[in-house]
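As given in Swiss-Prot:
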BINDING   41, 47  NADP(+) binding site
BINDING   129, 130, 131, 247, 248, 291, 306, 307, 308, 309, 310, 332  FMN binding site
């Protein structure tokens, strides 16, 4: 089975659940590997009150024994501590005194289209699953992918380079992505970080919210992940789809795509050069991807996130129970979630790269995958990377 995952759970239900399939046997995997990324997702200047309640910790339900994967699906659970405050409203069992339905859909959310699609009379049935709380499960799956990629020296980082009108050079942000965890807004430039925080404070004071842009960088990918032979296997398309599936992400860019559209071809292509005894590139304007495949340079994927749709200053809507104009229902939300989205972006990029890696080198046992990888790297004249390389 191909590497991938499925999630289940509602925002204020008992737990978020994820099943990761296609995980090879023999991979070292500990709860702390997952908890580290779960904690990073919860950080970030501008987060809402929910993060003061939750203390996300993973529980393995299957697929791992004594710290090693078994080759069977890895099942994980992250409990929602806030469920204790929502048990009557979100109990899976019938209740004698159900809560009043919510009929004031919020612009920018899945509320109205979701109610129309599924025939619901209560938008709670939509917003609970469409909530970004589901990304807890994605980050857990991404942590498994990160551990697998790490065995072969592939590392995935992210950095925020824009929040609202405050921005830094994206190339500099990508180069400093390994240091982004030091910043409350995941921006590697300390001076820009402070201006971003001030921008978030101003939006919060105005009872509003901010979006922004982040970049994910994957270093150490061997050439040849993905394929040009079938459109479904093209890696840039798969990466773009995975990243834009994150809540509130409205645009994705591979390398310098939009800048390249304004330049001549001779100014855009990454020329092939010798690096010692191996082949490399003189630049990385195409973001490490050519013809739907990795080319050995760092994979660079940027994303644009719109502002969180739920704001204190409720927007106009129509009450579906009366047909009258009204103000939208307000659910607790963040002022800015771009730093958290960057961590989720890492997870989605890691999942896609892990899937492509196992397609190329096999998927049953880690030992066999390593042998296949090392043989391939010898054949193309590049050194094989190891864990922590």
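In case you wondered, yes, glycine gets a Cβ from its N, Cα and C as well.
Rounded to the nearest whole angstrom, the C-alpha distance between residue 306 (FMN binding site) and residue 41 (NADP(+) binding site) is 18. If you draw a 10 Å sphere around the CB of residue 310 (FMN binding site), it holds 22 other CB atoms from the protein chains shown. Highest Cβ count within 10 Å among the binding-site residues 41, 129, 306: 41. Its own atom aside, the Cβ of residue 131 (FMN binding site) has 20 Cβ atoms within 10 angstroms in the protein chains shown. Taking the Cβ of residue 308 (FMN binding site) as centre and 10 Å as the limit, one finds 24 other Cβ atoms among all the protein chains shown. For the pair residue 129 (FMN binding site) and residue 41 (NADP(+) binding site), the Cα-Cα distance reads 18 Å.
Taking the C-alpha positions, the distance from residue 248 (FMN binding site) to residue 41 (NADP(+) binding site) comes to 16 Å.
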